[in-house]
Amino acid sequence: MDKIIINGGHTQLKGQVEIEGAKNAVLPLLAATILPSEGETVLRNVPILSDVYTMNAVISHLNIPLVFDKQQNTVVTQAAESVAIEAPYEYVSQMRASIVVLGPILARNGHARVSMPGGCTIGSRPIDLHIRGLQAMGAEITHNGGFIEAKADALHGAHFYMDFPSVGATQNIMMAATLAKGTMVLENAAREPEIVDLANLLNKMGADVKGAGTDTIVIKGVEKMHGTTHHVVQDRIEAGTFMVAAAMTQGNVLILDAVREHNRPLLSKLSEMGVDIIQEEDGIRVIGPETLKSVNVKTLPHPGFPTDMQAQMTAAQAVANGESTMIETVFENRFQHLEEMRRMGLSADISRNSANIQGGGPFSGAEVRSTDLRASAALILLGMVAQGTTTVGHLEHLDRGYYKFHEKLAKLGADIKRINPKESCHV
Ligand SMILES: CC(=O)N[C@H]1[C@@H](OP(=O)(O)OP(=O)(O)OC[C@H]2O[C@@H](n3ccc(=O)[nH]c3=O)[C@H](O)[C@@H]2O)O[C@H](CO)[C@@H](O)[C@@H]1O
Ligand SMILES: C=C(OP(=O)(O)O)C(=O)O
């Protein structure tokens with residue numbers, strides 16, 4: 001099994017780093033390729049990640065011809081005359097995000113069968129909002145044999161208020177509404193940059209989506225959609241991870257083409273911690289201070305502090321001077337990395353969704369395991385600060401969302417290597 005080995009305690013990251021296209025944008029964009037009934041769709045800046053392979057497999061399974069050119073980071077799909085109705089367990093069990101094919105398959109076929117995604121290590125992750133949104137548009141939904149089956153002779157527009165601004169539900173409902181009759185008004189919608197990226201692609205495909213990036217999205221149904229070309233937005237979570245890495249290692253790193261607007265809550269917290277943030281022509285430079293100051297952080301839906309940066313920010317609080325509280329409000333079980341960090345010397349008390357962190361260390365290298373995607377990145381960041389050798393296992397989580405993470409860190413000066421690279425998952 002692959003492992004990352006870090007020799008830490010002396011790392012000062014320096015240089016510049018390129019960031020990939022966003023995992024959380026490209027997965028729904030790939031799902032949107034189900035919608036066009038004519039033409040070719042070209043997605044550029046597609047990251048080489050195991051989740052992308054999984055979504056590509058789902059799309060191909062639906063009879064949509066798809067070619068992934070890894071040299072060019074491009075996916076090309078051809079509109080299918082007839083799209084299959086079923087996304088099987090085999091794929092959905094590998095990646096929860098495959099649930100976002102439900103809306104587009106239903107929109108194209110009037111009938112969709114998607115395996116129930118189930119929970120994952122960070123929480124139970126129900127899909128009630130996806131289902132209620134589709135029901136509001138006239139879909140009949142049944143659960144049978146581990147599948148959700150959705151049927152609608154003709155989806156229609158409606159008003160739907162989401163109890164919580166779910167990212168996936170917003171994407172599913174938006175895509176279902178593109179080909180519905182009439183106007184869909186989605187209130188308390190998610191506002192993430194990845195939602196805006198999806199709306200931009202849908203509009204280029206001929207849809208009529210307005211308000212993405214605000215809490216009310218209005219989708220006027222159109223007769224049909226066509227292929228187009230689209231550049232996937234930058235991964236703000238990968239960018240943020242390198243920002244935190246620079247901050248934790250007294251580093252000086254230029255995050256190329258980073259978008260300040262997409263990482264505002266993180267940048268503001270890093271500034272409070274004493275980190276220098278400089279906007280340059282080519283990106284954002286992050287300079288870590290000699291000693292980081294602790295700050296309290298609470299995760300929230302965008303534009304609040306992203307839950308996908310919580311583990312990495314917890315690693316930063318661990319090395320910062322002082323006590324801090326991390327409150328996780330989005331997922332109910334997203335503190336497993338703390339247990340692994342304890343093995344490296346972390347002192348933290350967890351009470352429900354709140355962790356009190358006594359920062360400052362000292363930290364020593366240890367053998368730890370990734371428990372989820374962002375936990376793996378956070379453990380590697382702490383490993384760069386801890387004295388001695390840290391070994392991080394279960395890299396299948398890391399490969400879902402980071403492309404050549406260890407190589408990028410090594411290029412910035414970290415003493416890090418990955419062993420058994422041949423067995424690595426597609427990457
Ligand atoms: C592929 C992708 O883009 N994944 C991101 C997406 O996940 P995802 O789209 O799954 O996240 P959601 O925004 O839907 O979930 C947020 C919260 O809402 C709850 N919920 C969601 C749907 C629903 O029908 N009912 C319900 O109760 C979830 O259990 C969770 O507690 O947004 C999350 C929140 O920013 C990120 O951490 C994930 O990285
Ligand atoms: C939780 C994440 O992703 P997913 O929703 O794909 O599990 C993440 O990207 O941190």
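Backbone N, Cα and C define each Cβ position, glycine as well.
Just so you know, TrEMBL annotations are computer predictions that nobody has curated.
Now, the feature entries from TrEMBL:
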DOMAIN    10-409  domain 'Enolpyruvate transferase'
BINDING   K23, N24  phosphoenolpyruvate binding site
BINDING   R96, R125, P126, I127, D128, L129, D308, V330  UDP-N-acetyl-alpha-D-glucosamine binding site
ACT_SITE  C120  active site, proton donor
MOD_RES   C120  2-(S-cysteinyl)pyruvic acid O-phosphothioketal
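Positions of the features from TrEMBL, shown on the structure.
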{"residue": "N24", "record": "phosphoenolpyruvate binding site", "DSSP class": "helix"}
{"residue": "R96", "record": "UDP-N-acetyl-alpha-D-glucosamine binding site", "DSSP class": "helix"}
{"residue": "C120", "record": "active site, proton donor", "DSSP class": "strand"}
{"residue": "R125", "record": "UDP-N-acetyl-alpha-D-glucosamine binding site", "DSSP class": "coil"}
{"residue": "D308", "record": "UDP-N-acetyl-alpha-D-glucosamine binding site", "DSSP class": "helix"}
{"residue": "V330", "record": "UDP-N-acetyl-alpha-D-glucosamine binding site", "DSSP class": "coil"}
- Task: Have a look at the recorded positions (C120, I127, L129, V330) and report the one with the fewest Cβ neighbours inside 10 Å.
- Result: C120
- Query: What is the nearest of the recorded positions K23, N24, C120 to I127 (UDP-N-acetyl-alpha-D-glucosamine binding site), using the Cα of each?
  - Reply: C120
- Query: What is the one among the binding-site residues K23, R125 whose Cβ has the most other Cβ atoms less than or equal to 10 Å away?
  - Reply: K23
- Task: Return the single residue from the binding-site residues list (D128, D308) that has the minimum number of other CB atoms within 10 Å.
- Result: D128
- Query: Considering only the binding-site residues R125, P126, D308, which possess a Cβ situated under 6 angstroms from at least one atom of ligand 2?
  - Reply: D308
- Near ligand 1, which of the recorded positions C120, R125, D128 are found, taking a Cβ distance under 6 A to any of its atoms? R125, D128
- Of all the binding-site residues given, namely K23, N24, P126, D128, D308, which is spatially nearest to C120 (active site, proton donor) at the Cα level? P126
- Message: Just to verify a number: CA distance, D308 (UDP-N-acetyl-alpha-D-glucosamine binding site) to N24 (phosphoenolpyruvate binding site), in angstrom, no decimals.
- Response: 10
- Query: At the level of the C-alpha atoms, what whole-angstrom distance separates N24 (phosphoenolpyruvate binding site) and R125 (UDP-N-acetyl-alpha-D-glucosamine binding site)?
  - Reply: 16
- What Cα-Cα separation, expressed in whole Å, is found between R125 (UDP-N-acetyl-alpha-D-glucosamine binding site) and K23 (phosphoenolpyruvate binding site)? 18
- Task: Please find which two of R96, R125, P126, I127, D128, L129, D308, V330 have the most distant C-alpha atoms, given that the record lists them as binding UDP-N-acetyl-alpha-D-glucosamine, and give only that distance in angstrom, rounded to a whole number.
- Result: 22
- Note on the structure: Whole-number Å distance separating the Cα atoms of V330 (UDP-N-acetyl-alpha-D-glucosamine binding site) and K23 (phosphoenolpyruvate binding site) is 19
- Compute the C-alpha separation of P126 (UDP-N-acetyl-alpha-D-glucosamine binding site) from K23 (phosphoenolpyruvate binding site), stating it in Å without decimals. 21
